[in-house]
Amino acid sequence: MAKDPGRVLIFDTTLRDGEQSPGASLNLEEKLAIAQQLARLGVDIIEAGFPYASQGDFTAVQRIAEQVGGEEGPIICGLARASKADIKACGEAIAPAPKKRIHTFIATSDIHLEHKLRKTREEVIQIVPEMVHYAKSFSEDVEFSCEDAARSDPDFLYELIELAISAGAGTINIPDTVGYITPSEFGELIQGIDANVPNIDEAILSVHGHNDLGLAVANFLEAIKRGARQLECTINGIGERAGNAALEELVMALHVRRSFYNPFFGRDPESPTPLTAIRTEEITKTSRLVSNLTGMVVQPNKAIVGANAFAHESGIHQDGVLKNRLTYEIVDAKTVGLTDNRISLGKLSGRSAVRARLEELGYDLTRDDLNEAFAKFKDLADRKREITDRDLEAIVSEQVMQPDARFQLQLVQVSCGTTLKPTATVTLADQDGTEQTAVALGTGPVDAVCKALDSLAGESNELIEFSVKSVTEGIDALGEVTIRLRREGKIFSGHSADTDVVVAAAQAYVNALNRLIYFEKKNPIHPQHDLIKANL
């Protein structure tokens, strides 16, 4: 039987697999903010990135290892393909962390071996123990993954897993890389590994899954029943294609249905001991932080963290909830940190009050960043009577958590109406302060603004998404704009908030342009799609 830590270990891969969502690229400061909040949330392992991808990714993992890793904090993990160059970069990046892990992987399905790796099973059998052993020279804690395990020959999996454990892997991860498997099949796969790998008792069994068929969470819960004790998941379920298993859904399923899952851990059904180490009251805060910084909007009907998760429209439901919330709610909103508390910040509030509230929301800003956020706060407070938590979150994500800006928006003016052709005048300043102005016509004010910005940037970009939502209530509410641009197949997002949605749209477009330029310089490689060019 696989090693059992007595509870479920939560392995968060928001900063690695989650960041692979189209348009969700994060800069260094954003990654640090999310990593710090994940530590407060109580995750056991943070997969901080793929260090070999680029110098920027290496630096981000290294900084997280330095600033977030600690004796009492989470294990800091880096991803590495089964190559010495990848593993060496990963080992060096995570070195500052007192608790660290190298997560190395290789594809094991026949379709991946033939068409991606162009290697035989015999070659992979030689590679796996050698690379796990090499990873052990950098970190005592090594995890090995069989990429596309769900479509691999089980007997081949058993052989590779036994070799990896013998070489020193303490965690064996079984990924459903393309979201193909069903819960009963996944349970049988985990059970088969548990029964047919002779040394499986020396390792913890982990699972990783994608949501292409909407089954990721269900698959994981079935895997737990069959012996899996580590779940690799992301905040809000973000990730490539249809995303990953959602951390908040898994944790709350284990929390709410604890009496059902307790016996699978050898516990009494009514044992009150939590099945994870997650501080559930931090879930909503973490969800909003990730949504704000990635620009990935949470769907309103998303379980646990969606805007409608605790809303009731039906009169019958409303009546029942007013009499007793348990009639239609299985989760207390306060359990996940959702409260009706309204902060009383306004134009007379001082810097200390703003800083204190930002810290409560999970933002640990430098002095310069705090000054910038406070200036934006005062500007907004002159236009709004009351500033809410969502306003503060919008200020920080739009004003502070941005990559080094190639362009600064100086001015935006539009003229439009029933008899006027929409016209926009935009002024941008570059890094040395030189200003340029452009005028453009469009089908509407936002289209005109985007065309003017493209002319100043010197390249045309494909606008694939423009969305506006109200951050708070009232006629003076901030309008938050999200814009996604596509250039050469890559997607970059920008978001901004303002009481004037046209100004917000202009700033969001500039933020997306700056992010595009920032990541074009990094030019990171993809851990699964790019072939290994380094020598094994």
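Just so it is clear, glycine is given a Cβ too, placed from its N, Cα and C backbone atoms.
Swiss-Prot lists 8-273 with the feature domain 'Pyruvate carboxyltransferase', giving sequence analysis as the kind of evidence.
Annotation source Swiss-Prot lists Mn(2+) binding site at ASP17, HIS208, HIS210, ASN244, citing sequence analysis. Over all protein chains present, the Cβ of ASN244 (Mn(2+) binding site) has 28 other Cβ atoms lying within 10 Å. The secondary structure of ASN244 (Mn(2+) binding site), as reduced to three states from DSSP, is extended strand.
Summed and averaged per residue, pLDDT over the region 'Regulatory domain' (408-536) gives 85. Marked as region 'Regulatory domain' by Swiss-Prot: 408-536.
Those residues of the chain, other than ASP17, HIS208, HIS210, ASN244, with a C-beta within 8 angstroms of the mean position of the Mn(2+) site C-beta atoms are THR13, PRO175, THR177, GLY209, ASN211, ALA216, GLU232, CYS233, THR234, GLY239, GLU240, GLY243, ALA245. DSSP places the residues of the region 'Regulatory domain' (408-536) in helix, strand and coil in these numbers: 35 helix, 54 strand, 40 coil. Listed binding-site residues: HIS208, HIS210. The one with the lowest count of other Cβ atoms within 10 Å of its Cβ is HIS210.
Reduced to three states, the DSSP call for HIS210 (Mn(2+) binding site) is strand. All protein chains shown were included, and the count of other CB atoms within 10 Å of the CB of ASP17 (Mn(2+) binding site) stands at 25.
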